[in-house]
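Feature list (source: TrEMBL):
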ACT_SITE  B:E180  active site, proton donor/acceptor
BINDING   B:H23, B:E26, B:H118  Zn(2+) binding site
BINDING   B:R65, B:E180, B:Y290  N-acetyl-L-aspartate binding site
BINDING   B:N72, B:R73, B:Y166, B:S167, B:T168, B:C169, B:R170  substrate binding site
DOMAIN    B:13-208  domain 'Succinylglutamate desuccinylase/Aspartoacylase catalytic'
DOMAIN    B:221-301  domain 'AstE/AspA barrel-sandwich hybrid'
There are 2 protein chains.
Amino acid sequence: MSFHGSTARLSEARRVAIFGGTHGNEMSGVALVNLWIKNSDDIQRRGVDIKPFIANPKAVEKCVRYVETDLNRAFTPENLSASGGDEFPYEVRRAQEINRMFGPKGSPEAYDVIFDLHNTTSNMGCTLILESSKDHFNLQMMNYIKKAISPASCLVLLNEHPLLKYSTCRSVAKHAVGLEVGPQPQGVLRSNIFEAMRVILKHALDFIELFNEGMEFPPCTVEVFRVNERIDYPRDANRNIIAMVHPNLQDCDWEPLNPGDPMFQTFDGKTIPYQGSCTVYPTFINEAAYYEKQQAFVTTRRETLAASSIRKA
Amino acid sequence: MSFHGSTARLSEARRVAIFGGTHGNEMSGVALVNLWIKNSDDIQRRGVDIKPFIANPKAVEKCVRYVETDLNRAFTPENLSASGGDEFPYEVRRAQEINRMFGPKGSPEAYDVIFDLHNTTSNMGCTLILESSKDHFNLQMMNYIKKAISPASCLVLLNEHPLLKYSTCRSVAKHAVGLEVGPQPQGVLRSNIFEAMRVILKHALDFIELFNEGMEFPPCTVEVFRVNERIDYPRDANRNIIAMVHPNLQDCDWEPLNPGDPMFQTFDGKTIPYQGSCTVYPTFINEAAYYEKQQAFVTTRRETLAASSIRKA
Ligand SMILES: [Zn+2]
Ligand SMILES: [Zn+2]
């Protein structure tokens, strides 16, 4: 990246991948990627090589999130630099393979953009997930997509938290974009979620084509929700869950949660209020896959990021 | 059963079981049964022995539907009469065990009533499932529950189909009652679904207590939806699914589906209409667990059953 005046000059995005089935029971991405592998008309763009790719085929075959360990947590420096083979869990070996195909992570040879398609059981609507507040290419893409799909909306979740950030598949690319659409149960394919995901991808690829063709994108601001804190379910002394997400909070992803608001309801009917010191915006509320991660929801803070003007170098 | 005038005289229901976790990832039943095992205040009724019971503990532990084979299809005469041990799948051995504890199926020693608690990803609301149109005790119970929860509603699904009926856990009892509440994703516990299930069980147990105390229940009619036909997803020559439940049908469980109405939408956007010859009432629409059973939904016909007056013998 270099600047000419206030405009950031960035390399073209020539190599783009679309991952589905990073979690094998999140069906929209699996169906879309399989569709595009058979017929790529939808995702062809001038001057861009776009590769649809099933990230965890064994998990897709079994219709489970993962076979041995969560692939979307496996792209750590330790895993990617380890040598050896069969003694590693399947997903660690798959992460190494993906890193060889689309990376190496952090290198100039890495893919320019990876979109990773996920579903959630939470009522999150269309959510784009970024890992850096300083990636002006991605921020401009977010701005472009938000404008293109208006009056429908999509929100941006920024996971830049020093402890809660995790080592995603898409982090192999120079620009990592997660797309999380819900609510959709695991193992279920809903036409409305499929369609919402398809439309967002369309606009994202349009943006890349326009950028590669030399369009300048003027400075803009992007509203994001920054990951703040992970909230676990209330538990007894044996670590068993003793409460559910409160009906007032269930399905209210992205809505303000204020100190004192109902947060959980115990099995015997007592309300547990939110005890934080300020308003937060919960998301991933009651996501099926996060019970095992001891997470009932994650709190976020609303923030406005500035993106500089960008143009192809 | 004997008749005095037009009143059927039936035995008391002294032994009642409540099964949760027949499918290990259907969380409302698991949570309620675990709660009642710890504290049975909610389910105590005069003169009734009520046993809350986790039917498939291994599947619950792994939060999967089943470990080796579907427990709720395993109560066949062949399985229950087979002798031998470790060579059978876990769920077949468990079925034999459950049959010894709560049966034997079809014998005078069997439990009087088994309630089996299930969740579905379909938008079915509260559904009670019966296996016989001739069980006046159960029909009277349905009538009682429907009146008790009004203006909330619960529907009755009658699975008496010669081919589509399957060998459920609850079929071990003299009176088998399934309770299916949704929509709830697998592996997720929603407070509204938990509460709906708790309330229906409360009324069901109240009915049993009143019956045992000698109350006479006058003749009544019960509207049921009789299982008619299983509809699979459209597939290509390789048996891969090529379409989704149409957005006009998704979430419309129990609503009339007329010949010509949209039924599926292919991945490339074409509508496939319902081609049947008369109006049906679909249910279990887009249930996650039924992809493997080649079932997109089941059609039903509406029917009104007459229940005779009943009273304790
Ligand atoms: Zn995912
Ligand atoms: Zn079930």
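Keep in mind that glycine also has a Cβ here, set from the backbone N, Cα and C atoms.
Unlike curated entries, TrEMBL annotations are predicted automatically.
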Would you list the other residues of this chain near substrate - those whose C-beta lies within 8 angstroms of the C-beta centroid of B:N72, B:R73, B:Y166, B:S167, B:T168, B:C169, B:R170 - in sequence order?
B:T22, B:D70, B:L71, B:A74, B:F75, B:D116, B:S171
Hey, how far is B:R170 (substrate binding site) from B:E26 (Zn(2+) binding site), Cα to Cα, in Å?
16
Applying the rule Cβ within 8 Å of the centroid of the Cβ atoms of B:H23, B:E26, B:H118, what extra residues of the same chain belong around the Zn(2+) site?
B:G21, B:T22, B:G24, B:N25, B:G29, B:R65, B:N72, B:L117, B:N119, B:T120, B:E180, B:A289
Within the set B:E26, B:R73, B:H118, B:S167, B:T168, B:Y290, which binding-site residues show a CB-to-ligand 2 distance under 6 A?
B:E26, B:H118
Fewest neighbouring Cβ atoms within 10 Å: which of the binding-site residues B:H23, B:R65, B:H118, B:R170?
B:R65
Rounded distance in angstrom between the Cα atoms of B:C169 (substrate binding site) and B:H23 (Zn(2+) binding site):
11
Restricting to the same chain and to sequence separations of six or more, state which residues have a Cβ under 8 Å from that of B:E26 (Zn(2+) binding site).
B:R65, B:L117, B:H118, B:N119, B:T120, B:Q184, B:Q186
Can you break down the domain 'AstE/AspA barrel-sandwich hybrid' (B:221-301) into helix, strand and coil residue counts using DSSP?
3 helix, 34 strand, 44 coil
Report the residues of the chain - excluding B:R65, B:E180, B:Y290 - with C-beta within 8 Å of the mean position of the site's C-beta atoms, for the recorded N-acetyl-L-aspartate site, in sequence order.
B:H23, B:E26, B:H118, B:N119, B:T120, B:T121, B:F284, B:E287, B:A288, B:A289
Measuring Cα to Cα, how many Å separate B:H23 (Zn(2+) binding site) from B:R73 (substrate binding site)?
11
Whole-number answer please: how many Å between the C-alpha atoms of B:T168 (substrate binding site) and B:E180 (active site, proton donor/acceptor)?
13
Collapsed DSSP category at B:R170 (substrate binding site):
helix
